[in-house]
Amino acid sequence: MTGTSLAATYGPIAGADLEAELAQPRTADGDAQDAAVLERDGGAHALPFASGGAFGRAPRDDDDDRRGAGDASVRLTRVSKRYGERTVLADVDLAIERGGFVSIVGRSGCGKSTLLRLVAELETPSAGTLVKRGDGGGVLDTRIMYQDARLLPWKTVLQNVMLGLGRRAKDDARAVLDEVGLLARAHDWPAQLSGGQRQRVALARALVHRPQLLLLDEPLGALDALTRIEMHELIERLWREHRFTALLVTHDVQEAVSLADRILLIEAGRIAFDQPVPLERPRARASAAFAELEDRVLQRVLTGSDPAGATSAAASAGGAARGRAAQANGLRWAV
C-alpha cells in the first residue's frame, strides 16, 4: 500500500508521513530525508480513525457507562501490543476526556511512545479496542509533534507551516505563526532558527489544521531549561485558547506536572499510577503544592511505590513539602 492510498484511506497527520512512519523501526525521529518523503506525498497528513470508529470491533452504546469516561475523545479497552514474543503493552484501559491534558511518564522502554503511536494509529493493537470520536461523533482530527521538528530545509518558515494546504492557506499560516510568536520570521529559513524556534514552527504546523487531538512525543527534550519553560507557557496558552485534547509523552516529571490535568505512569506495559493534578493554572512552580506533587510522582517512578498512599499530594502544603522542594527541582528526570 502506497503513501497516497494510505492518505486516501486515513487522511493526514502533521509532522509524519504514513508510509515512512509505518515502514521505519521504532527509533529516533526522521530527518530531512523523511521530510522529503513528506513533501512528496503532499505535506502533513492527518490520521483519524477508520469509518467504524474503532480497531477490533464496532463501538457499543454502553461503552461510556462501562468505562465511566463521560465525554471521552479517546478510549482504549484491554489494549495490548506485542512485537513477536515481546509484550510492550498489556491490557491497557484508558479513557481521555475531551479537552483534557494528559501526560504519560515512565522509565525508558516502558511503552510510553508505543501507546502514543497506537493512539495516533501509526500502529495497530495486537488485542483490544481503540475508539476515537471527534465532536458530534465524527472524525477526530489528530496531529503529532516530535522532538525533531522535521522542517524542510529548502522551504521558508511560512512554507513549512503551509505544507499540504495550498496557497489559499497563507493567511491561516501567518495567523498561527503570529500565535506562536514567529510571524516576523515567516520568510526565514529553518537553518536560521534556534532549536526552540524550530519547535514553535512545528507546533504552528500542527495547529494550523485546528486539530481536536494533539499528540506530543517528547517535543521539548532537546531544548535548554529556559526555552522549555517558555514552550510550556506557549503550549498551555494555546491549549486553553483552542481547547483541543492533548496527550504528552515525557521523561520530565516537572514538565508533566506543569502541563497536565492528569499524569499516568506506565510500568512493565501497564498503567500503574493515575494521578490527577489539582493545581490551579497557571502553575506556580515554586509553590509547596507543586513541589510535593512533583516529588510524589517522581518517587513513584523511581521506587515503584506511592509515598503518599491514598492521600492527595496537593492536599497538604506544609513544611515537609518545602523541605522536599529542592530535591524535586534537582531531580526531575524519570529515565
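Every residue gets a Cβ built from N, Cα and C, even glycine.
In Swiss-Prot this protein carries:
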type: REGION; residues: 48-71; note: region 'Disordered'
type: DOMAIN; residues: 74-293; note: domain 'ABC transporter'
type: BINDING; residues: Gly106, Arg107, Ser108, Gly109, Cys110, Gly111, Lys112, Ser113; note: ATP binding site
Cβ-based neighbourhood (8 Å from the centroid) of the ATP site, residues Gly106, Arg107, Ser108, Gly109, Cys110, Gly111, Lys112, Ser113 excluded: Thr114, Ile266
Other CB atoms within 10 A, centred on Gly111 (ATP binding site): 23
Same-chain residues at least 6 apart in sequence whose Cβ lies under 8 Å from Lys112 (ATP binding site): Ile104, Val105, Gly106, Val249, Ile266
Confidence summary (mean pLDDT) of the domain 'ABC transporter' (74-293): 94
Which of Ser108, Ser113, all binding-site residues, has a Cβ with the fewest other Cβ atoms inside 10 Å: Ser108
Among Gly106, Gly109 [binding-site residues], residue with fewest other Cβ within 10 Å: Gly109
Cβ neighbour count within 10 Å of Cys110 (ATP binding site): 22
DSSP-derived class (H/G/I helix, E/B strand, else coil) of Lys112 (ATP binding site): helix
Local Cβ density at Arg107 (ATP binding site) - other Cβ atoms counted within 10 Å: 16
